[in-house]
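Undergrad: Pasting the feature list from TrEMBL:
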- A:7-30: transmembrane segment (TRANSMEM)
- A:36-53: transmembrane segment (TRANSMEM)
- A:112-134: transmembrane segment (TRANSMEM)
- A:140-158: transmembrane segment (TRANSMEM)
- A:189-209: transmembrane segment (TRANSMEM)
- A:240-264: transmembrane segment (TRANSMEM)
- A:313-338: transmembrane segment (TRANSMEM)
Amino acid sequence: MTRLKPWLPVIGIAVFAVLLLVVAPAVLSMHWLNNLGKYCCWAIAAVGIGLAWGRGGMLVLGQGVFFGLGAYAMAMHLTLESTAPGSLPVFMILYDPLASLPAFWEPFRSDAFTLAAIVLLPVIVAGVLGYALFKRRIKGAYFAILSQALAVALAVLISSTIRETGGDTGLSDFKYFFGFVLNDDANKVMVFMIAASLLILCLLAVWQLNRSRFGELLVATRDAEERVRFLGYDPANIKLVAYVVAALMASIAGALFVPIVGIITPAEIGASASILMIAGVALGGRASLFGPALGAMAIGWGQSSLGSSWPDGWVYILGLVFILVTLFLPMGLSSLFGKAKGLLWRSRGTPPDALDEPAPVLEPVGDGVTK
Amino acid sequence: MTGPGGALVVTDLRVEFDGFVAVGGVSFDAHPGEVRFLIGPNGAGKTTCIDAITGLSKGTGSVTLGDQQLLGRSTQKIVRLGVGRTFQTASVFEGLSVLQNLDIAAGLHRSSLSLLRARRGVDPAIESALEEIGLSEERETPAGILSHGQKQWLEIGMMLVQEPRALLLDEPVAGMSQDERTATGELLQRIAQRRIVLVVEHDMDFMRRYASRVTVLHQGKVLSEGAVAQVQADPRVQEVYLGTAATTTAGSVPPDAMTETTTDAARHGEGV
Ligand SMILES: Nc1ncnc2c1ncn2[C@@H]1O[C@H](COP(=O)(O)OP(=O)(O)OP(=O)(O)O)[C@@H](O)[C@H]1O
Ligand SMILES: [Mg+2]
């Protein structure tokens, strides 16, 4: 048991991988598989938020910015791919028949450039932004407000540049995904598999980061930032790494969201979308490994089932769930497992491992899978 | 790097907070091989001195370790130059185990890439620090549930694994039992054989037993300096401590600090 314990999270990830990559494609209808793919995207962003917020204490209220960077990079590429050579994306001709392709669209014709942009744009933006903020010791509410404001700013910028970006209508009608016809079920399954695999990869990456010495330093920075300086580290650098990793994950999530959902609009990256991303993390348990991903999936599922059949009620239910979780389970649903384990140990007369992470939670997956 | 040689030399150190002069031109030095004490009544500026040396407060003047100027550098840089410190209120990472606390403190000399690996086994340096601070049995205990004295020892251990050239300790025995004080004093003497050790303390009994040289601060200035007997015989020192005695109630004084009537009154039981 004790020898097995450090590997429990990996076993959890493996079970999760089997559920997503083997069971889900076998039992789910195309419609629900596509939905599950969408939840996987939100879960990828959530895993990053778990690292930055749960472990690093940075309340990243504006991950929509990085989600948007990845999403729009991908959407521009897919739009160009779906446009006949020599002509313009339809929406541009609609607004101005004599328009020419804006210069910043041009490089997104290239597959390689698009993939590089999805990775490098968030790293550069988060790197510069994080460096400026953390070196100046901006934290807490100021940091949260600033990051939220950025998400709003990007959404407004896109809304107001309708000729260049499609504005509020967004970008849609993608026909091809790197040469594959998107309307084909086999290709849809492939895109889902990519999203699910990347989610698994992100979980593995965060698992390794959490157990590494960096992970210990990150928690130390969260709990006593100034004290970390006396270990000889600049807490700004430690936070920066976690922030950049979270931004990268959000960007990847956004990039995959586009071929799966088939449309991207500013509403998907603005303030409320950003808050919904962090809401799932809070629900699942921000500091645990599986909590953020499962929380995000649960919220995603709630939104597409309850949210579409009973939109008003869904908002109230969401609000109520939050009040209850904040009041009674501030560390999210996954802390229930830690508590249950504690009770179990106590009844057996052995002390619980106080430092142990809440055990992997696989339950809420059912939300997404069994439907 | 850790061998004897460079001394810690503080020259004309001044620290102001919005016009209030907390430290007004303090000079002293500390060498490897001695347990150097800094004493003084509450608010004398002892902690502020240490804060300035470690880059936590901005000071003017000069603080050198060997041939390196410390003033004006960032805290993390000063730590990397070989200065370690503990805090008046023990500040260990409560969520991490004793071992994890020591491990991240020892990380200073590791490459950044090795940070991405998980900890395997225990460094010999950490093992010997555990031994030294007497927490070998508690290695897996979360630091948050250690006793007060154990936390102070853990802080000393976290400093030791950094292999600093100078150790600055802010009231290391506050709140410790007599046995714990003795253990700490002996530990400090062992450490001081090869390193600079500067101790801020209120406990006169502890100071008498372990100090080699003492500097007395009062209202941000050096009042007296020298060997223990010399300082205790200094009429200005007696006046300062007796002067505060009149305004202090004896009830707030911990029993084991009551041995020295002339000096204990400076202690308000603060930091305990
Ligand atoms: N950050 C600060 N801002 C303003 N004043 C401060 C600050 N830190 C310390 N002081 C003041 O500087 C003076 C010296 O404080 P310091 O903490 O150095 O005293 P000390 O000698 O360590 O006393 P004690 O024995 O109580 O720990 C005090 O009057 C204190 O109020
Ligand atoms: Mg003090």
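Using N, Cα and C of the backbone, Cβ positions are placed for all residues, glycine too.
What's the neighbourhood like for these features in this structure?
TA: Residues 58-65, 68, 72, 129, 133, 165-167, 266-267, 269-271, 273-275 of the same chain sit 6 or more residues outside the transmembrane segment (A:140-158) yet have a Cβ under 8 Å from a Cβ within it.
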Undergrad: Report, as numbers and ranges, every residue of the chain located at least six residues beyond the transmembrane segment (A:189-209) whose Cβ falls under 8 Å of a Cβ in that stretch; write 'none' if there are none.
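TA: Counting only partners 6 or more residues beyond its ends, the transmembrane segment (A:189-209) has Cβ contacts under 8 Å with 9-10, 13, 16-17, 20-21, 24-25, 33-34, 36-37, 40-41, 43-44, 47-48, 50-51, 55, 177, 180, 182, 215, 218, 242, 245, 249, 252, 256, 259-260, 289-290, 293.
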Undergrad: Under 8 Å between C-beta atoms and at least six residues away from its ends: which parts of the chain pack against the transmembrane segment (A:240-264)?
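TA: Residues 34, 37-38, 40-45, 47-49, 51-52, 55-56, 58, 60, 63-75, 78, 118-119, 121-123, 125-127, 130-131, 134, 170-174, 177, 182, 191-192, 194-195, 198, 202, 205, 209, 214, 218, 277 contact the transmembrane segment (A:240-264) from elsewhere in the chain.
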Undergrad: Same chain, outside the transmembrane segment (A:36-53) by at least 6, Cβ under 8 Å from its Cβ: which residues?
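TA: Sequence-remote neighbours of the transmembrane segment (A:36-53) are 20, 24, 28, 59-60, 63, 66-67, 191-192, 195-196, 198-199, 202-203, 206, 209-210, 218, 242-243, 245-250, 252-254, 256-257, 260-261, 277-278, 280-281, 284, 286-289, 291-297, 299-301, 304, 368-369.
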